[in-house]
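Enquirer: Have a look at this one before I ask anything.
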Amino acid sequence: MIKETHLSYVQNGGQKTWASDGNADQTAVNLLADHTMDVENQVDEKVRVTWSRKAEYVLSMMGYGVGLGNIWRFPYVCIRNGGGAFLIPYIVCLMLCGLPLYFMDVAMGQFMSRGVYHIWSICPLFKGIGVGQIIVNVICAWYYILLIAWVLIYLVHSFRSPLPWTLCGQGWNTPACVPQGQRVGLTGNDTNSSSLGPDNATAVTSEGYDLVNGSRLIKPLRPAGEEFWVNNVLELSSGLDNLDGLPWHTTLALLVACVLVLLCIVKGVKSVGKVVYVTATFPYILLTIFIVTGATLPGAQDGVLFYLKPDFSKLMQVQTWLEASFQVFYSLGPIWGALVTMSSYSKFQNNCMRDSIILTFLCEGTSVYAGFAIFTVLGHMAYNLKLPVESFATSGPGLAFVVYPEAVAYLPVPQLWAVLFFLMLLTVALDSQFAGVEVIMTSLLDIWPKLMRKREVIVKVVFCSVQFLLSLPLASRGGIYLFTLVDWYIAAFATAAIGLLECIIVAWIYGAERFMDDLELMIGRRPPCIFSILWRCVTPSLLLILLVTSLLSYEAPSFEGYHYGAGAVAFGWMVAVVWFLPVPLVAGFKLMTSHGSIRDRLKYNCSPSPEWQPGDVSFREIYQQKTRPPAFCRLPRPPCLQGVSK
C-alpha cells in the first residue's frame, strides 16, 4: 500500500524548499530534500544546440549504424550460419532485442536533451552506467582510429598502377610471394586442397615446397595481397611483447586520421551535421555502383547464390540464434551511448518512435545490401581463379584489407574501384568515430557547460592530440596484436550486462508505464503496448541468455597463429570489465553518502531525481502537473510527480 503524498516547492526566505501535505513521513521528506538539486540552476545559460535539419540527425544516425562491421562481419556471419536462412533469426532478434533497446536509448536522450552521464538521473543508484559508457567510448575512439589510418594507407596506394598488392618482387615481398591470379594451398592427393591458380601447379615454382606423404605442401607461399598487408602495412613483429618501433607511414596516417576527425567535429553537431551529408550517403552510392557493376561480371551469380543459399538445418542450432543476437547488438549499437548523445540534440517533440523503427531496419538492411556488393565481386574473383567462393569467406580486417582489395583488381580500371572502395570504408569509419567522440564531448559539455562553451575547440584539440599519442603503440609493428586483443574483449560481456540493467531500470524500477507517459508527452501519443512487454520481459530475457552463453563459450583470441599469454589475457579481461566497474562503485558511493536506514537509502537512490525532466523548458510545467503511476520504489516523488497515488 503506497500512501498518497503531495509534495511541493514553496518559497521560504528567498530559498525554495520542500513542503508536504502532512501525510509524508518526515524522514522521507528530509531524504528528498537531500536528493533535490536546484533545477533552475541546471538550466543551460543558452538553449541546447539542436540539429539544424531533421536530415542531419537521420544521416548521423545512419552513419553510426552503418560501420565497418556491416561490411566485413555480417556477410561472414550470414554464410557461417545458414546463408539466407540466417535472415530469419536475424530479423527476429532485431525486432525483439535490437529495436526495443534502440528506441529506449533514443527516447531517453531526446527526453532530457542530455548525454549519457545525466540520463541516469532516472535512477541515480545506477549513474555509474553513464560513467562506464564514457569510458568505453574513450577506449573505442583510442583503438578505432587505427582502422581509419589503415584505410588511408590503402587509399593512397590505390592510385598506383598496377595496384601494389597484386605484384611480387617489391621491397616488402618474400621469395614465397604468389602474384595475383594464383592461389596457394595443398595439391596432390590432399582432400583439403584450396588449389592453385588457373594453370594449377605449373604456375608456381618448386621453391618452398615441402613433401608430406607424397603431396606437395605449399605452406611457405603467401598471396601478394596478404604480404602487402602483413609485411608492408603492418610490418608485423613477432608478438605483443615486441612492438618493434613505429613504421613512418602508419604513424603519418594515424596523424592524418586524428586531424581529419578533429576538423569534422570541431564545431560539434553543427559541423558533424554538415559532414554526414557526404559520409552517410556516399557508402550507399558506392554500394549500389558495386552491385550494378558486379552483377554484370562472370561468376557474380555464384557469389550471390553462395551468400544467400539457405541452410535451414542451422535454424535448429542455438549458436545460430546467439550469433544473430550478437550481430544485431554489434552493428546496431545500442547501449554504447552514441544513440543517446545524438538524439539529445533532437527537438523535444520529434517522433523518436517512428525514427527508431525506420532507422533500425534501414541500418540493418544495409548489412544485407552490403553483402550483395561484396559477394558479386568475390564471385567474379572466384570465377577467374577457378576456386569455390567459400575460399574467400573470411571476416574482420582480412576481408577488408586482403581479400576485397585483391578482388577489385579483377575489375576493369582497378585503380578506380580501389579508390571508391576505400573511400567508402573511410566514410563509414569516420561516421562511427564521430559518434564515439561526440559521446565524450557531449558528456563533458553537460558536466562542465561553462568551461566547454568557452574552451570547446581547445578541449577537442587536446583530446585529439592525446588520442594520437596514446594510439602510437597501436601503430607500432606489434600494434595489430594489441588492436586484436582490445577489439576481442571490448564488447565481450559488458554490453549484454548493461543492456539488461537498462531494461530493469527503465521498465521495472522507474516503471514502463511511467516511461510510456513520458514518451506520450514527447511524441503526442502513447507507444503501442508491445514495447512495454518487450522492455519488461522479452528483451531482458534474451540479454540474460546472451550474457550467460557468452561467458560459458569464452575463448582466448589469437592472430596469425599467435596465442596471447596470461598477462595479455588478463589485460583483455580488464578491458572487458573496466566500463562495467563504475556501476557497483558509484552505487556503493551513493548508498554510503545517503542518510537514513539502508531501506530508505535504497529507495531514495532508486527514485528519479528532479533533474529527470523534459529538456525543453516549455514542457516542464506540463510535465510537473501530470499524475503518473508509481514507480517500483515507494519514496515520495519530486514535484514533477505530485499527485501520485496508490
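Every residue, even glycine, has its Cβ placed from backbone N, Cα and C.
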Enquirer: Regarding the disulphide bond with CYS177, report which of CYS140, CYS168 TrEMBL records as its partner.
Expert: CYS168
Enquirer: Same chain only, sequence gap of 6 or more: which residues have a CB within under 8 Å of the CB of GLY63 (Na(+) binding site)?
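Expert: The answer is VAL276, THR279, ALA280, THR427, VAL428, ASP431, SER432, PHE434, ALA435.
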Enquirer: Select the range from 275-297, 324-345, 457-476 that forms the most Cβ-Cβ pairs under 8 Å with the transmembrane segment (416-445).
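Expert: Maximum Cβ contact count belongs to 275-297.
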Enquirer: Pop the Cα-Cα gap between CYS168 (disulfide bond) and VAL66 (Na(+) binding site) into the table, whole Å please.
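Expert: Cα-Cα, rounded: 35 Å.
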Enquirer: Of ASN70, SER331, which of the binding-site residues has the most Cβ neighbours inside 10 Å?
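Expert: Sorting the candidates by Cβ neighbours within 10 Å, the top entry is ASN70.
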Enquirer: Return yes if the transmembrane segment (488-512) and the transmembrane segment (246-266) have at least 3 CB pairs under 8 Å (sequence gap of 6 or more), otherwise no.
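Expert: These two segments do not touch.
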Enquirer: If you count Cβ pairs under 8 Å, which stretch among 134-156, 275-297, 324-345, 533-554, 566-589 touches the transmembrane segment (246-266) the most?
Expert: 134-156
Enquirer: Is the count of Cβ pairs under 8 Å between the transmembrane segment (275-297) and the transmembrane segment (533-554), pairs 6 or more apart in sequence, 3 or more?
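Expert: Counting Cβ pairs under 8 Å (6 or more apart in sequence), the transmembrane segment (275-297) does not reach the transmembrane segment (533-554), since there are fewer than 3.
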